[in-house]
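For reference, the structure is listed below as C-alpha cells.
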Ligand code: ATP
C-alpha cells in the first residue's frame, strides 16, 4: 500500500540502523532531509538540512552509525527502519582495504585491487559504491572498473568501463553520458552484448586488454597507485561465468575478493585463488531489492536513455545524418565455422574476435554504435577504447544515410563505428 507522507514525517533512527524506502509511482518525488545526527547514503555523508530528492524507481537506504532524525516528504511505496544491516562488516572491510593502501604507500607498491562478486541482486554495485565513497572521504582516489555488461552501475549496457574518481565523487554524476565525447575521465570498451556468454572469447580478450591498460595507467599517478581499484562484476557466477571471474582476477592481478551471499562461490574461490588473494565472505543486505527480468530490461533501457538525455542534469543530444560513404561500420565476431573450414593456422575461436565489415541496411535501426578510437581495422579494434556511443534513429536507403542520436554535435570524432546488439527506441 502506498504511504502518503504529506507534510513530511520524521523518522528517528538508532545507531547502526537504516531507513529503507522505494518509490514506484510514476512521476513521484520524495525529499529526505537530515534533521539531526549523522547519516549516509551508500557511503555518501548527508549534509544537515539539505533536501535530497529521489524519483520513481529509487531504492534507497539511509544508514546511521550514531543515530539521527530524518524527515521524509513525499509518497513512498515501502518505507521502514531496519536494525539488521551488514554495514559494520562492510566498514571493517573498508578498514582492511585502507590498511592495504597505507602499506602500499609505505612500500611504494600498488594498493588493493578488490573485486566484488556474487550472484544477481546481492548488492554488488552498492558495496562497490560504499567502498568508493569511503575511500574518497579519506582522500583516496581509487579507480572504479565495471565489467558488468548487462547491469553495470554506471556504464552504458554492452560496455566495460574504468573510471577515475574526482574530488567531488558522486555516483550519479558518473552516469556519464559524457555530455561531450571529449569530456572523458573514463576508459570505455565496446563489447556490444548484454551478457558475456554471447561471445565468451571476445569478453575475455576485452577484459584482458582493459586490465592491462588500467594496471599500466596506475603507475602514472602515485595517489591512484596506492588507492587501488574497486572492480564490479557480473552476477553470472557458474560455469563460464565463474571462469570469467577467475580470468578477471588473474588479469587485474586482484589481491582481495569480496563474495556476497554465496558460500559455494566463496569456497570455490578459496580453492582456486592463489594464497596471496584474500577472499572474504559477506552477507547481503536484507534491503537489496530483487529485480525481475522485465525490470532489468527496463533499467537497461533507462541507462541508455540517461546516457543521451542525462539523469538529474538534463542533457540535450543532437540528431544528424551521416552518409553511408562516411561510415566504416564493423561488428566483432563472425558466424562460427568448424575448424576444418578455417584458413590454415586459425582456430574456430578466432572467428569470435574477427572484425567484420557491415553494409548499412534498415536492420541498423535503433542499434547502438560505439565510436572507436581506432583509425583503421589494421589496429587492435577490440583493444582500443571507444569515444562514446550513438544510436541509429533512421536509415534512408534512398539517400544512403543514417540519422544518429549523439551526445555531441557533428561531426563524429571518428568514422570507425562498431555495431552493438543493444537497441534503444528514442521515444522521449
Ligand atoms: P546485479 O546482479 O544486477 O549486478 P547487484 O548485485 O549489483 O545487482 P545492486 O545494484 O547493488 O545489486 O542493488 C540492487 C538494488 O537494491 C539497487 O537498486 C540498490 O539501490 C538497492 N539496495 C541496495 N542496498 C539496499 C539497502 N540496504 N536498502 C534498500 N535498497 C538497497
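If you go along the chain as it appears here, the first residue is 1 and each next one adds 1.
Each residue, glycine too, has its Cβ placed from N, Cα and C.
Here TrEMBL flags 18, 59, 121, 122, 123, 124, 125, 126 as ATP binding site. Sequence-distant contacts of residue 126 (ATP binding site), defined by Cβ-Cβ distance under 8 angstroms and a gap of at least six in the same chain, are 42, 285, 288.
The annotation domain 'Clp1 N-terminal' is assigned in TrEMBL to 12-104.
Predicted-model confidence for the domain 'Clp1 P-loop' (118-310) is 85, expressed as mean pLDDT. Here TrEMBL flags 118-310 as domain 'Clp1 P-loop'.
Sequence annotations record features per position, and here TrEMBL assigns domain 'Clp1 C-terminal' to 316-426.
Residue annotation for ATP gives 18, 59, 121, 122, 123, 124, 125, 126. The furthest Cα pair among them is separated by 19 Å. In this structure, 59 is the one among the binding-site residues 59, 124 with the smallest number of other Cβ atoms inside 10 Å of its Cβ. Neighbour counts of Cβ atoms within 10 Å were compared for the binding-site residues 18, 121, and the top value is held by 18.
With DSSP states grouped into helix (H, G, I), strand (E, B) and coil, the domain 'Clp1 C-terminal' (316-426) comes out at 15 helix, 45 strand, 51 coil. Secondary structure of the domain 'Clp1 N-terminal' (12-104) per DSSP (helix as H, G, I; strand as E, B; remaining residues coil): 18 helix, 47 strand, 28 coil.
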